[in-house]
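Listed in TrEMBL:
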- LYS94, GLY158, THR187, GLY188, SER189, ASP357, MET363, LEU364, ALA365, HIS366: FAD binding site (BINDING)
- GLY224, ALA225, GLY226, TYR227, ILE228, GLY229, LEU230, GLU231, GLU247, GLY316: NAD(+) binding site (BINDING)
- CYS85-CYS90: disulfide bond (DISULFID)
- 48-372: domain 'FAD/NAD(P)-binding' (DOMAIN)
- 391-500: domain 'Pyridine nucleotide-disulphide oxidoreductase dimerisation' (DOMAIN)
Amino acid sequence: MALAGLARRKAYILTRNLSSSTSDALRYSCSLTTFSRGFASSGSDDNDVVVIGGGPGGYVAAIKAAQLGLKTTCIEKRGSLGGTCLNVGCIPSKALLHSSHMYHEAKHSFAHHGVKFPSVEVDLPAMMAQKDKAVSNLTKGIEGLFKKNKVNYVKGYGKFLSPSEISVENLDGENTVVKGKNIIIATGSDVKSLPGITIDEKRIVSSTGALALTEIPKRLVVIGAGYIGLEMGSVWGRLGSEVTVVEFAPEIVPTMDGEIRKQFQRALEKQKMKFMLKTKVVGVDSNGDSVKLTLEPAAGGDQTILETDVVLVSAGRVPFTAGLGLDKIGVETDKAGRILVNERFSTNVPGVYAIGDVIPGPMLAHKAEEDGFACVEFIAGKTGHVDYDKVPGVVYTHPEVASVGKTEEQVKALGVEYRVGKFPFLANSRAKAIDDAEGIVKILAEEETDKILGVHIIAPNAGELIHEAVLAIQYDAASEDIARVCHAHPTMSEALKEAAMATYDKPIHI
């Protein structure tokens, strides 16, 4: 089976290379057509590429375009690069997740390892300062990359005047026009609002406000049991808040593999996080000393009141395209407000492209980066490709949950005959040695070929472990391929090897 997996990989690479070489001429021809259309629209050669938005998708696209020799300008309204992810999302949340985990470990686990001290306390201003320093340094780092790669950086709010002209109102209120042959929309997403709930970022907060609370709330209610809500609930729960998660659906993180989801919820409940599933929020009153939520069963029924100190609204995100003037140039969107693009990230308007959260696909920073990279390659006459079925997802709680490929429910729905291999971290020597052995690796493989269909991990560092599986799935590897790769001992990675062994044959250590 290992040889079969190797043969599949070679065939995959050969096919990919052949398809690339045979289609390059067509793609280059299309690219030339795009460039000529851009010239026809604008009559200007000021920029080869203009990127609207400086988040993970936008800044990566801008840098890659410049590296490919294209004159590039990036427009960013925030005044600091990195988008939601770096400024008020991925990065600051991970900083607080790490800091709060350190506090929780010091308070609850250090003594088991022979590390004792009289008391431990939270210095919230210092914790927030560390978070802010990380954000500032990384933002400045991107500006440095722009200078290194000669990307022109314009701070301001951009909107279309034509398919090749962008009006920019800068941070001082002045207006300028940026012209380009190819325009990439990379404006990301915004917090999804809920009817009847007004976010004030004080007592009713979005994820942005949850990253900047000035004191630890005694009680916190999270509306929405998705990635962001559970991560931020974990932060404040570790620091002492009583956290209740209210979710309309019958389960948390609906996109997660069912078996993994159940184990994940049990892990969070052991950390005293409470869940109210199949529950709808019909009203929020913040006029008194506490915030009162009116709840009722999702299927209808008697209403109840839940009191809290802070409410985090975490019901998802929506594409951010407000004020761009898409209607002015005729860019098509779907009912969810997402910009429609083809496999080359082109909109229906020649010379206008879109990437990241504003188009269909996972709303993830790393997906946006891959979009940006591939989009620019197409513009430059090269070949780009992103397979959304092979994009990993990670919940950065403790334990973390990471996955790539299909869930067991999806495989069943496809009607594919499959095998499942599992290995618990309770049987992993490194996990036992560090006294952090909660979790499991689960692999799904096709019965006939042993091709890996999906990998799901719940573990302390699942977000790092998943990438071996991502690489395997990318190259159509068999579970036996992973099983026959030598893994260093003792490491957490050995659990993935053992799960692979359990998939095609039998594991050793269980």
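Placement of Cβ uses the backbone N, Cα and C atoms for every residue, glycine included.
Heads up, TrEMBL stuff is auto-annotated, nobody curated it.
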From THR187, GLY224, LEU230, MET363: binding-site residues whose CA lies within 10 A of CYS85 (disulfide bond): none
Fewest other Cβ within 10 angstroms of its own Cβ, chosen from the binding-site residues THR187, SER189: SER189
Recorded positions: CYS90, LEU230 - member with fewest neighbouring CB atoms within 10 Å: CYS90
Number of helical, extended and coil residues in the domain 'Pyridine nucleotide-disulphide oxidoreductase dimerisation' (391-500), per DSSP: 40 helix, 33 strand, 37 coil
Cα separation, CYS90 (disulfide bond) to ILE228 (NAD(+) binding site) (Å, whole number): 9
Cβ within 8 Å of the mean position of the Cβ atoms of GLY224, ALA225, GLY226, TYR227, ILE228, GLY229, LEU230, GLU231, GLU247, GLY316: remaining residues of the chain near NAD(+): VAL222, VAL245, ILE252, VAL253, SER314
Alpha-carbon distance [GLY224 (NAD(+) binding site); SER189 (FAD binding site)] in Å: 17
Inter-residue C-alpha distance, GLU247 (NAD(+) binding site) and MET363 (FAD binding site) (nearest angstrom): 20
Candidate nearest THR187 (FAD binding site) in space, where candidates are the recorded positions CYS90, GLY226, LEU230 and distance is Cα-Cα: CYS90
Of the recorded positions listed as CYS90, GLY224, GLY226, LEU230, the one whose CA lies nearest the CA of ALA365 (FAD binding site): CYS90
Cβ neighbour count within 10 Å of CYS85 (disulfide bond): 22
